[in-house]
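Shown next, in structure tokens, is the structure this report addresses.
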Amino acid sequence: MVRATGTRMGLLLPIILALAIGSSAAGISSNDPCYFEGKPRKCLPSFVNAAYGNPVQASSVCGAQQPERYCELLRDGNAGECRSCEQQRYGPAALTDLNNPSNVTCWRSGAVNVPHDPDSAPPDNVTLTLSLGKKYELTYISLSFCPRSPRPDSLAIFKSSDFGQTWQPFQFYSSQCQKFYGRPDRAKISKFNEQEARCINSQHDTGGAAQRFAFNTLEGRPSANDLDSSLVLQDWVTATDIRVVFHRLELPPQLLKVKNANAFSDEMGGSREEDEDDDADLELDGEQDEYDYNLQDNDSADAGYDEYEEPKKHLELDDDHLHLDYASDGESVVKRQGKHKGSAYEKHYQSKLAATTPPQQPPKVTPPGKVTPPSTAAPSAAASAVTLPISQHYAVSDFAVGGRCKCNGHASECVATVSSGSGTALSDQDDGQDEDTPSAPSLANHFGRSTQMSAKLTMTCACKHNTAGPECERCKPFYFDRPWGRATDNDANECKMCQCNGHARRCRFNLELYKLSGRVSGGVCYNCQHDTTGRYCHYCREGYYRDATKPPNHRKVCKRCDCHPVGSTGKTCNHLSGQCPCKEGVTGLTCNRCARGYQQTRSHVAPCIKVPTNANMIQAESAGGGGGGGTGDYKDGGGSQVEEMKKYCGKCKASPKKLNLNKFCMEDYAILAKVIGHDRASQDISTEKFSIERQNEIYKYEINIQTIFKRNPMSGTTSSLLGRGNMMLLVPRKSIECQCPKIKLNKSYLILGRDSEAAPGYLAIGPSSVVLEWKDEWSLRMKRFQRRARKCS
């Protein structure tokens, strides 16, 4: 039993080793998710936060030029503890670092003036631009806001798929979508507008204060469940860069109430009745202490705010261009004609504060940058209003982008590559980045403090399935036998190698040939080497012919024709047989000798001339024992030879030249073939049924079979193996001399014969064969014979 087991293991060991070597040679790991049991299948990279560790460019940073004062905003709308901010502490690096709820890091923008009339004030245009460094297919975008800070009321999210060259709307948020962005709230998405950006009410159907905005890129899109088949949605979720534009802050009702109360003073010409109405409205708004934001999927549109001649009812957005102007120091700059409408209000507000507020000591600054307001005794209502700031800051703690590295289903991972150079991925889209803001996806520079880049970190798909490119978006060189396609659950669309038989290193794809092949093969080889040509480098070029003794991929499969310069009519030969085109009376593979019945001359025009043939010549040649074709060699006396020849030729010429159904049924095969070459047999061919003892008694003709009208259904016979292409036809010498049949080169013939008259692998002309020069009008008759052949008994 042990011996039997050992024997069995000894037999299995070579198989196991062969499988292991084959798997290793193919470069396919057993744990590769892109293959299953050696067959390709769809694979995807891991789902990641694509924003983590990537640089963010901010148009405004709190304390960028000098330390600024900001105050926390309490839930009741009053100002809380005030602090001093600097860029190093509140820079954009905090947006994509590790988000730790117990130690929240924040980016804060520069001061944004609280407008007198938020509905008519120009937008703030504070921007954040995130470069992902590569194309990703995004699932969500999330913005988490800092505690005790105002939330944005209106913002727009844009995406770029070409590294910041162009921008496309992705999502809008606003409490007044129609008025501010000119778009309806929660517009319905159909299959006809799946790439349309939507606007979501930032205060709609929320319960409690929202700490973030979350946008699901596919939610509500009809083709979301069949992403592989929707080119529109594939383009929709693809992005290399994300830009967030903050247009307006949402302020607590209490803060707006104080500003409105100070603004509509007697000096501004307001009436008591209007003030009472406004106060009543503000009191209604003030009943809400918490502010909620809708967490819905969002789409964006490009925002162009170059000039503001006067306040508009809503912002007009251009979906093709995003016009944003930034100063070189990173502060946002908005071009306007005339003064800001809020500037007059601010001067009035400050003068009113000075008139109603008792003198105070300057605030004391205590570490770490906190600003402590001086204590006052029993402040009045007006004095308490003074503690509220007239400016606020956008504050975001986390900028997350969930998605997968875009690899079109041909890679299971993305790998980081480092290339030398400097500059940013968004060099053409400078958003006024501050000098200390990171400018390339380098983790070391992202958190700190240097702008000099000696290397650039990029992500690239580790492509499988014979694909290449950053997103595996094309077939790798020499794998163009089928078109590139995105991998799906049903088909991995693996790229196939071109079939060039080892004679070419380059190929291209031809769609028409691919369709004609039944969508099997479309590769076309070019620059074929080793004297080959053709789509697959499977033919020999002009002046060469294929050596049948060598495989198609052999470097020397094509041999030079070497046609005789005098005996041949050209330098080219048949690419299969190597037969050169010979002049009249010349024979041989290279046309290097005179045929039987011809004699050599000194003329280059007619190197061989025909010798008159008569009975005496035949008798003399027979008596002399001359061999090798021509009129032949006969053992009987001269008279008997002549009589035998006449008898044979008479029978041949007397045979019927008409074809009928009975004759069609009697033969094993019926073909239409064209004679493309000829040569005398160079060796004996002998079988049990077919024997030729002397090589000068047979002629070989190379024919090209064009149509097969009938073949013997019995397997193993020559006719059962017939197919369109080239084949050898054997013709007896006597038939050639009697011109029965009269065979000419480059002519087509209808040939009917029997398998018993030929050696296996050949066709032969025998006593029962029929050879007729083809006429086009016979096509209908042959089709009729084919239909009626079933009745052959």
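Cβ coordinates come from backbone N, Cα and C, glycine included.
Residues annotated as signal peptide in Swiss-Prot, with sequence analysis given as evidence: 1-22.
Swiss-Prot lists N103 (among others) with the feature N-linked glycosylation site. All chains included, 7 other C-beta atoms sit within 10 angstroms of the C-beta of N103 (N-linked glycosylation site).
What Swiss-Prot lists as N-linked glycosylation site is N125 (among others), and the listing cites sequence analysis. The secondary structure of N125 (N-linked glycosylation site), as reduced to three states from DSSP, is coil rather than helix or strand.
Annotation source Swiss-Prot lists N-linked glycosylation site at N298 (among others), citing sequence analysis.
Marked as region 'Disordered' by Swiss-Prot: 332-378 (among others).
Residues or ranges marked as compositional bias 'Low complexity' by Swiss-Prot: 367-378.
DSSP classifies C405 (disulfide bond) as strand under the three-state reduction. Over all protein chains present, the Cβ of C405 (disulfide bond) has 26 other Cβ atoms lying within 10 Å. For C405-C414 (among others), the entry in Swiss-Prot reads disulfide bond, with the evidence type sequence analysis.
Sequence annotations record features per position, and here Swiss-Prot assigns region 'Disordered' to 420-446 (among others).
DSSP assigns C472 (disulfide bond) to coil in the three-state reduction, outside any helix or strand. If you look up Swiss-Prot, you'll see C463-C472 (among others) marked as disulfide bond, on the strength of sequence analysis.
Reduced to three states, the DSSP call for C495 (disulfide bond) is coil. In the shown protein chains, 25 other C-beta atoms lie within 10 A of the C-beta of C495 (disulfide bond). Residues annotated as disulfide bond in Swiss-Prot: C475-C495 (among others).
The feature disulfide bond is assigned by Swiss-Prot to C498-C507 (among others), with sequence analysis given as support. All chains included, 24 other C-beta atoms sit within 10 angstroms of the C-beta of C507 (disulfide bond).
Residues or ranges marked as domain 'Laminin EGF-like 2' by Swiss-Prot: 498-560.
Same-chain residues at least 6 positions away in sequence with a Cβ under 8 Å from that of C525 (disulfide bond) are, in sequence order, C498, Q499, C500, H503, A504, R506, C507, G534, R535, Y536, C537. What Swiss-Prot lists as disulfide bond is C500-C525 (among others).
A C-beta separation below 8 Å, combined with a sequence spacing of at least six in one chain, links C528 (disulfide bond) to C500, H503, A504, G534, C537, R541. For C528-C537 (among others), the entry in Swiss-Prot reads disulfide bond.
Under DSSP, C558 (disulfide bond) is assigned to a strand (E or B) in the three-state scheme. For C540-C558 (among others), the entry in Swiss-Prot reads disulfide bond, with the evidence type sequence analysis.
In this structure, C573 (disulfide bond) belongs to neither helix nor strand by DSSP; it is coil. Sequence annotations record features per position, and here Swiss-Prot assigns disulfide bond to C561-C573 (among others) based on sequence analysis.
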Residue among recorded positions N103, C608, N746 with Cα closest to the Cα of C665 (disulfide bond): N746
Assigned conformation of C740 (disulfide bond) - DSSP reduced to three states: coil
Under 8 Å by Cβ from C472 (disulfide bond), counting only residues of that chain that are 6 or more apart: C407, N408, G409, H410, A411, C461, C463, K464, H465
Rounded inter-Cα distance in Å - N125 (N-linked glycosylation site), C591 (disulfide bond): 88
Position of peak Cβ density within 10 Å, selected from the disulfide-bonded residues C540, C792: C540
Neighbouring C-beta atoms (10 Å sphere around the C-beta of C558 (disulfide bond)): 23
For N746 (N-linked glycosylation site): intrachain residues, at least 6 apart, with Cβ closer than 8 Å: K674, V675, I676
Proximal residue to C561 (disulfide bond) among disulfide-bonded residues C405, C475, C495, C740, C792 (C-alpha distance): C740
Lowest local Cβ density (other Cβ within 10 Å) among disulfide-bonded residues: C414, C537, C582, C665: C665
